[in-house]
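Chemist: In case it helps, TrEMBL gives these features for our protein:
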type	residues	note
REGION	B:1-24	region 'Disordered'
TRANSMEM	B:42-63	transmembrane segment
TRANSMEM	B:121-141	transmembrane segment
TRANSMEM	B:148-167	transmembrane segment
TRANSMEM	B:187-209	transmembrane segment
TRANSMEM	B:240-262	transmembrane segment
TRANSMEM	B:268-287	transmembrane segment
TRANSMEM	B:294-313	transmembrane segment
TRANSMEM	B:319-339	transmembrane segment
């Protein structure tokens, strides 16, 4: 039992004598799914992440999983890799119902995931990174370097990666690191490979190499679940597709039968108008002008006008630089160039207090980390940016703070048992209301909301949307960063689309369609021409 | 679509507790008696009473008011620093150079006194050295962005090293008349100048931490520096001020200690930084920041003073004292964590039961 790691990995399956990637003798390829998920549901407090989802994966085929952020893709991946347990539903692998109670069980079942950020170890060699956690051992229990290096070389050969297994990882480029991550997934004899947005951080040439690897994996008779936002690569690589929306499957089939417009339609749905209580507000004069706003690394040359009573949506894929832009505007990071004018006066914002003074506030995406001080009370959180008004000569007037907090708690229909309750004990939606309340208490002119409804339940979502309309109606200017198309289309008067740190375009509400937005955000050629 | 809904949809009936009277949320829930009894400060008071009782049984001299008055010297100087240290630790930082600041300030005052400086000049020098030393720590932590524990371990050696270079194995022991008032004087009856100064400062620090906007910001920074920054709080500036404050209080402690001893050696106040930190943590200030009260620190100061004094009365050797301080520091860091864990477990079982 010198190769104990390998037998451990495959307790059930055909004995493997060497860790080659030779194709399994598959019966009727493409006919019977290698893996079937049926009726999978998963709920978290306040959110139903997956709702009776069905998914088939076939050996020798690439299945693309498509959906907006928050559609439930990551939850599905976490169920497949044993990190989450489904509340309902069944997973069948090769005809056998299978439970995946943990990461180890998923590995043993032959499932491997290559994540957006697979953890690799800079100071270890390529071979060590590939075999981390299941290094081949000598009889004395020491790591068998010779066998490990030889096996690693074989895994890398299979990927046609010309990487020396004895190199240290820190000496490799991003694409090569990616290959090492894939090699790790293959080293455990996985038959089902999940690739979660693998091209997100790669350059054009590196993407081509990755496509090649995917082709190799396909040829090795593996079933591949390929998660991507980019239609171009989905059409290039995938044989089948499954589209998620709001935790449910809204479409599945073969790529040959579908066009990119169909996929976009399925992804965003049609029920945009009913859900969003956007009220028509007379758009007033310009409140803020942003010109040539740039950052050394994250975004460049952002320019727009914001008007009184307007809701400006900022749409884009994750990583398009939207939050980075908003945070620079708010004074968290320093821009490298650009000017901001608020109500005709040029303003210099070096830190958030300057922005607040100029009437510009920012509701961050990460509520728990940036938005609220969770161990502190509702009253303290709502009053936190208004301490100047709830104090006399530097000393707190707790009665006034409570009064201020109550005013905004009630305006936002906060659900809490007392104002001295720690914010951390509230639900996500109510925490968000506390953060919004904190900013409204400063009586701002411009409020920037970064993914304001991410991870909160439908009821609170509707309340946040209604409230945004109310704010615009009261003469505030709202900037809403969102990755959810229905939200952007339903709430915004104009939509600024960002792609890779730059403005891809600004569309008026009347002119915006889901297809146009997705095409602008992804750089899909057909749309760029339109 | 089935959605697990916890949000306030208009159609939903209002929940019982939240919207009882006209949609208004109460300021606070009714406090339970058990909550008051389980407060850390109350436990400390009980501990103080026990130590007091043991001491009065152990030695017939303990209950003498003048002996008790002398006993306060065991903690007043450290406790002055502890007040500022409490704010600093609540904000999530620490200063381990405080004892070395005492040495540096004391040497500076000794040198100035030898050159003929007046009492008020010495006071200014003592506070000024503390201010500059605190500013140096604050600069490295808030502007250069180094972790305070590393910075102040460095300046701990640096400041004391300077004191050693200046003074070597010499002693300064001549001070102008009147300087002894700070460390040897009485305000009224058996109340020493140091004790009164400490109590007045404790009230001021308590008000600042618990009642002022500055204190509120300090708590916010200690609980979540990022969210504090995103709320417009100038985190770096406030931390810098706290380092200045800790430096100045170390300078004040140096004035008192130098005045009480009537002499200066570079080894003065060696090891005090740990006793100050122990006192603050014993007082219920979370070592990771975010919570704690000045009242707790004040009670902890008395507890430590009484224990030290009791050991003195019983002729316990110094090395045992040192072992005791070490054990106390570990116990004191472990106890509040265990205490909070028990409280959290109680809370969660209550929530499940509800």
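Glycine residues also receive a Cβ, built from the backbone N, Cα and C atoms like all the rest.
Bear in mind that TrEMBL entries carry predicted annotations, made automatically and left uncurated.
I'm curious about the neighbourhood of these features; can you describe it?
Modeler: Beyond the transmembrane segment (B:121-141), the same-chain residues lying 6 or more positions past its ends with a Cβ under 8 Å from any Cβ of the stretch are 93, 95, 97, 101, 104-106, 108-109, 112-113, 147-148, 151-152, 155, 159, 175-176, 179, 239-252, 254-255, 258.
Distant neighbours of the transmembrane segment (B:187-209): 65-66, 68-69, 72-73, 76-77, 79-80, 83-84, 86-87, 90, 181, 215, 218-219, 249, 252, 256, 260, 293-295, 297-298, 301; these residues of the same chain sit at least 6 beyond its ends, with a Cβ under 8 Å from one of its Cβ atoms.
Tertiary neighbourhood of the transmembrane segment (B:294-313): same-chain residues 40-41, 44-45, 47-48, 51-52, 54-55, 58-59, 61-62, 70-72, 74-76, 78-79, 82-83, 86, 198, 202, 205-206, 209-210, 275, 278-280, 282-285, 320-321, 324, 328, selected by CB-CB distance under 8 Å and a gap of 6+ residues from either end.
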Chemist: Counting Cβ pairs closer than 8 Å, which of B:42-63, B:148-167, B:268-287 has the most of them with the transmembrane segment (B:240-262)?
Modeler: B:268-287
